[in-house]
Amino acid sequence: SLLEFGKMILEETGKLAIPSYSSYGCYCGWGGKGTPKDATDRCCFVHDCCYGNLPDCNPKSDRYKYKRVNGAIVCEKGTSCENRICECDKAAAICFRQNLNTYSKKYMLYPDFLCKGELKC
């Protein structure tokens, strides 16, 4: 769920999911269109695509469990949906950490109307 994802993001990046990633660029937050603005926004695009591959799951509300083993995120065994949601969130949180050096405050609260076009997963 968004609760676990937010916790993962904080652990990986040291940033609060809200406001740091809740409306960043064209893809971080609800919906998305256009070309990702930077590597962080691309992480969100890939995360949206990952969720899009889970049509029978509820990624924003389905809870899952994970732990840390030697600093690494390990998704704990749950239902098929829980496992796949956790893996999507894990990949995004790691992607955010790997791209912290290019995170730009100018893309926080980025206006939707500047995001044009369609990008296929």
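Each residue, glycine too, has its Cβ placed from N, Cα and C.
Listed in Swiss-Prot:
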ACT_SITE  His47  active site
ACT_SITE  Asp89  active site
BINDING   Tyr27, Gly29, Gly31, Asp48  Ca(2+) binding site
DISULFID  Cys26-Cys115  disulfide bond
DISULFID  Cys28-Cys44  disulfide bond
DISULFID  Cys43-Cys95  disulfide bond
DISULFID  Cys49-Cys121  disulfide bond
DISULFID  Cys50-Cys88  disulfide bond
DISULFID  Cys57-Cys81  disulfide bond
DISULFID  Cys75-Cys86  disulfide bond
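Taking the features listed in Swiss-Prot, we show where each one sits on the structure.
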residue	record	Cβ contacts under 8 Å, 6 or more apart
Cys26	disulfide bond	Gly32, Lys33, Gly34, Thr35, Pro36, Lys37, Asp41, Phe45, Tyr110, Asp112, Leu114, Cys115
Cys43	disulfide bond	Cys28, Ala92, Cys95, Phe96, Asn99
Cys44	disulfide bond	Tyr21, Tyr24, Gly25, Tyr27, Cys28, Gly29, Gly32, Pro36, Ala92
His47	active site	Tyr27, Cys88, Asp89, Ala91, Ala92, Cys95
Asp48	Ca(2+) binding site	Tyr27, Gly32, Cys121
Cys49	disulfide bond	Cys121
Cys50	disulfide bond	Glu87, Cys88, Ala91, Ala92
Cys57	disulfide bond	Cys81, Arg84, Ile85
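Under the three-state DSSP scheme, Cys75 (disulfide bond) falls in the strand class.
DSSP assigns Cys121 (disulfide bond) to coil in the three-state reduction, placing it in neither a helix nor a strand. Each of the binding-site residues Gly29, Gly31 was assessed for Cβ neighbours inside 10 Å, and the highest tally belongs to Gly29. Neighbour counts of Cβ atoms within 10 Å were compared for the disulfide-bonded residues Cys28, Cys88, and the top value is held by Cys28.
Within the same chain, the residues at least 6 positions away from Cys75 (disulfide bond) whose Cβ sits under 8 Å from its Cβ are Tyr64, Lys65, Tyr66, Glu82, Asn83, Cys86, Glu87, Lys90, listed in sequence order.
Neighbours of Cys81 (disulfide bond), defined as other CB atoms within 10 A of its CB across all chains, total 15.
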